[in-house]
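Colleague: This is the structure I want to talk about, given as structure tokens.
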Amino acid sequence: MVSSSSYDVSAALKQEGLKSSDWDEICRRLGREPNRAELGMFGVMWSEHCCYRNSRPLLSGFPTEGPRILVGPGENAGVVDLGDGHRLAFKIESHNHPSAVEPFQGAATGVGGILRDIFTMGARPIALLNALRFGPLDDSANVGLMEGVVAGIAHYGNCVGVPTVGGEVAFDPSYSGNPLVNAMALGLMETKDIVKSGAIGVGNPVVYVGSTTGRDGMGGASFASAELSADSLDDRPAVQVGDPFLEKGLIEACLEAFDSGDVVAAQDMGAAGLTCSCSEMAAKGGLGVELDLDRVPARESGMTAYEFLLSESQERMLFVVKAGREEPLMKRFRRWGLQAAVVGQVLEEPIVRVLHHGEVAAEVPATALADDTPIEKHALLSEPPVDLQEHWQWTEAQLPDLADPAAALLGLLDDPTIASKRWVHRQYDQQVLANTVVSSGAADAAVIRLRPQQGDGSLKTTTRGVAATVDCPNRWVALDPERGAMAAVAEAARNLSCVGSEPLAITDNLNFPSPETPKGFWQLAMACRGISEACKAFQTPVTGGNVSLYNETRRDDGSLQPIHPTPVIGMVGVVDDITKVTGLGWCQPGDVVVLLGVKPDADQDDRVGLAGSSYQQFTLGTITGRPPRIDFDLEKRVQGLVRQAIADGLIASAHDSSDGGLAVALAECSIASGFGVELTLSVGTMSPARLLFAEGGARVVVSVKADQLTRWQTMLTSNPDVSTTVLGTVASHGRFQLSFGVGSTIDLSVDQLQQVYADALPRRLA
């Protein structure tokens, strides 16, 4: 018989983030009232963070299959086939709410958690990336959040020995008090078989390995599924504390154990801890799990069943092991200084049964926790919200005339979202493992050499690599979620193409406000539609990801400040020859600068524009209008040509035009290289602001090698559908000279551009 407990139901439901209707459904499924431990289990497993109760119907529309997809959504991480026997596991997840109240540990444990998702599949982590959002840095609170988050990411990644090779950082008032911390990890499969999480074999022992269990991280999943308020600092106990050195040992021990063949299923203990790992293993396997809490290694005395089940102590794993092989396996982990204990067994009956002090502390059907969970039904607006329809009436004619183009360019280079992120990147070890080909700031995507271990532990020599990037134009998404989400996928694919990589698949992190408002759910639904359409167009299936809702801060007056909807796209691709990878900087004076994509003087082309642009924000202090239309066919033609030109050795550099438009993209190429340029743009009837700073248009700036111009022209002849515009040449002098119109020129020293670009963040953080 399950032990009972007396408690205040209303208070308990509020604490667990459950509704009265949830209580009724829980009682119906159990055939009785739940005790306090069981209610806690339902609270975490029925939270948005764990069961996607608001977003699951929308996610079902994503394309998830393809010739390269080995593992799609539903496992700890997606896995793609890179060819030549290489398999890549990758995933992105958020740690937003914990980072808001405890930025260092919140960000650090976000890194630890995503690494566990990777090596739980049997993959050795080879790289980390992150996507970060903060409020303006003129607020000391936002400065403190940024400093803590970056330090936490650096601490965990550097100590565990995995390079942080790329990412993006952006700033907007909507993120004040609610930063976004999305961590992505990549891993190279080292096991013959991919390790799955579904329980196998009735009677097989369930083995706990890793760190001890304490009271840290209590209720973290429920905490992550509610909005932030002035009282959120009181939720610091819901933030976990990580130990990267212990995780390093856990990585090595797990990979050894998986290679032995003794482990038949594995699940890391992340959100909802033991509750989630037990219920998911049972539900996926169609079996049950019995868990004896008296056997769980504990770091604190007197812990209740509720505390054991909801603890989110870090660096812990749960295995199902072949019967009779548990002792050799546990010895392996103890050699690495890790805890290891048999804590239960696989049951034929599909339940999660929890024992504590010789009594049944909880007994719940596994599918009720991890599979057959509630789905919230929201009505979808039949048309865009009124405020967005009003925004879409804005035209570029309402912008003031551009009086000083050079000052505008310098102002945009001083924008923290555009400016150099060296202050961030220099805190990360980007070269540990010695496989980083290009990393943050040097190219549009990170590239990592593929050097898998042989059976004897030696490294296989290869010139192949994998490229990765994270992207999201959050201003565009705020104004048009569907177009903005399409643009996120398109930009990610463009960034990979700019290093010569063929895009393969994505992982997504959907950071959104509350879905309980009509506008909030519409934003989420439209963004999902945009991602789906774009992924189908680029043939980049979704392998999994994360949904983080209720990203909004309650002001002192009780109103809510929602973030910009921010669907971050993590994309991976294969690089056939890392010796041909291109960076964004010019390489040689005399090389010809060419723009691919929509021509600079395309005045009425709705594929480029200033609505939602960095220039609009810089000029007006706000954003309005409707972002440019995404042309998938043009994107694919441009990207295919760039990849072909890189493979054939025709171009020396490639850089996509995104934040700040064409002038900023060109300036960034000079900043990265130190070389000047002599460029001329045809104006036509366009305004100078649109000519220089319009965004969109599937644009990529390349520098064609001077000695390859004939071959370049031959390639263009065979690709007549790709629009190209010769802009000028790379110069040996150190000046950025950009002429447009009659007598209009931006003429600045590259040194000045570099100084403004480099000082923007340090000056604000000083």
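Cβ from N, Cα, C; glycine included.
Fair warning: this is a prediction, and the values are worked out from it, not measured in the lab.
Per Swiss-Prot, the feature active site maps to H49. Positions annotated as active site, proton acceptor by Swiss-Prot: H95. The annotation ATP binding site is assigned in Swiss-Prot to Y52, K91, D508, G545. For E93, N546, the entry in Swiss-Prot reads Mg(2+) 1 binding site, with the evidence type sequence analysis. Here Swiss-Prot flags S94, H95, N96, H97, R116, Q240, E312, S313, Q314, S548 as substrate binding site, drawing on sequence analysis. If you look up Swiss-Prot, you'll see D117, D268 marked as Mg(2+) 2 binding site.
Provide an account of the burial state, proximal residues and distances for the features listed.
Modeller: Reduced to three states, the DSSP call for H49 (active site) is helix.
The secondary structure of H95 (active site, proton acceptor), as reduced to three states from DSSP, is coil rather than helix or strand. Under 8 Å, Cβ to Cβ, and six or more positions away along its own chain, H95 (active site, proton acceptor) finds G106, A107, T109, G110, G113, V181, N182, A183.
Around the Cβ of G545 (ATP binding site), the number of neighbouring Cβ atoms within 10 Å comes to 25.
Non-local contacts of N546 (Mg(2+) 1 binding site) by the CB criterion (under 8 A, 6+ apart in sequence, same chain) comprise K91, I92, E93, S94, N182, D508, N509, L510.
There are 27 other CB atoms within 10 A of the CB of D117 (Mg(2+) 2 binding site), with all protein chains counted.
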Colleague: Which of these binding-site residues is closest to Y52 (ATP binding site) if you go by CA atoms: N96, E312, Q314?
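Modeller: Nearest by Cα distance to Y52 (ATP binding site): N96.
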Colleague: Can you name every residue in this chain, apart from Y52, K91, D508, G545, with its Cβ inside 8 Å of the center of the Cβ atoms of the recorded ATP site?
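Modeller: Checked against the 8 Å cutoff, the neighbours are L59, P73, I92, E93, T507, N509, L510, V542, G544, N546, V547.
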Colleague: Going by Cα-Cα distance, which of the recorded positions (H49, D268, G545) sits nearest to R116 (substrate binding site)?
Modeller: D268
Colleague: In DSSP terms, helix, strand or coil for D508 (ATP binding site)?
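Modeller: SS state of D508 (ATP binding site) = strand.
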Colleague: Give the distance between the Cα atoms of E312 (substrate binding site) and D268 (Mg(2+) 2 binding site), rounded to the nearest whole Å.
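Modeller: About 11 Å separate the Cα atoms of these two residues.
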Colleague: Can you see whether DSSP assigns E312 (substrate binding site) to helix, strand or coil?
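Modeller: For E312 (substrate binding site) - judged by DSSP and reduced to three states - the answer is coil.
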Colleague: Suppose we draw a 10 Å sphere around the Cβ of D268 (Mg(2+) 2 binding site). How many other Cβ atoms does it contain, all chains included?
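Modeller: Other Cβ atoms within 10 Å of D268 (Mg(2+) 2 binding site): 26.
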